[in-house]
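Just below is one structure, and these are the notes that go with it.
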Amino acid sequence: MEKFIKVGSISKDHIDPSIFCVLTAPSKQPNIPLADLLIFGERWDVAADTFRPAYYHRNSASEFMGLVYGGYKARKDRFQPVSWEEFKAATEAELKPGRILEGTLVFMFETSMMLSITDYAINRSREHRPEIWEGLKGHFLDHLDEINKDLELAGRPALVVTREE
């Protein structure tokens, strides 16, 4: 896995984890894999004008991650959900090119299937602490003017939002 060459367009926006895919099991549905195995290792992180934390990306897969060796510094709490403070720090961080995951190998298994939680996960794993999300604030509407300009350029209708006081 250490010899896997990672390739991707990383000039703008967060890269989709699929560029790290090592093995895919196809499903019966076209273009929807049953399962993927991905690996994350040493690489350059150079994207500009974006939000870099690996744990924020869009897809509809169920994901499980594990550490093969090293230290996964993208998460301070060893794979627990992030807090408002970590989100805020990431949005305000200087975006300069740098090496990440040096001396580290992480794997991810993701599937398009619905999964259930085992008795062990519910009753014996770490306690979920929903209070870590209390300070989280949405910022999508802060950029509505910019979004609507992009939509207009693409010939799409503007988003209209009714704000409740």
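Every residue, even glycine, has its Cβ placed from backbone N, Cα and C.
If you look up TrEMBL, you'll see 3-140 marked as domain 'Homogentisate 1,2-dioxygenase C-terminal'. Residues annotated as active site, proton acceptor in TrEMBL: H14. Under the heading Fe cation binding site, TrEMBL lists H57, E63. The annotation homogentisate binding site is assigned in TrEMBL to Y72.
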Overall pLDDT for the domain 'Homogentisate 1,2-dioxygenase C-terminal' (3-140), taken as the rounded mean: 78
DSSP-derived class (H/G/I helix, E/B strand, else coil) of E63 (Fe cation binding site): strand
